[in-house]
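> OK, TrEMBL features for this one:
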DOMAIN    1-108  domain 'Response regulatory'
MOD_RES   Asp43  4-aspartylphosphate
Amino acid sequence: MLIRMPIATYLRDCGYRVIEAASSDEALLVLQHHTKVDVLFSDVEVAGAVDAFGLSQWARKNRPEIKVVLAGSPKTAAKAAGKLCEEGPNLTKPYEPEAVEDYIRRLLALQTIGESSS
């Protein structure tokens, strides 16, 4: 997973292996060089040359096996919908760490179900 603290600490405590990236540029490097990434978790307002939507689109094009989770304020939801032509951020801030872990766990469970039915 690519995320930032303190949610990173919480997810580690839950047993996940977490890779942190301080910016979208760092996240792209990780995605390009790490073979095993299951979930990309990013704030909509991530720092870097590429915004969260560009990062998400890169991951979906180049690493389609990676599940993408975007978090943002209600104000950013309309921007996300317009840019991605999708539902917008998956998690609305402020969020509880437990809600993030539950969302990721459900995503990974769906991925496992999809792989076993293939």
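For all residues, glycine too, the Cβ spot is worked out from N, Cα and C.
TrEMBL: automatically predicted annotations, no manual curation.
Keep in mind that what you see is a predicted model, and the values were worked out from it rather than measured.
Can you tell me where each of these features sits in the structure?
The domain 'Response regulatory' (1-108): residue composition by secondary structure is 51 helix, 17 strand, 40 coil, according to DSSP.
Counting every protein chain shown, the number of other Cβ atoms lying within 10 Å of the Cβ of Asp43 (4-aspartylphosphate) is 18.
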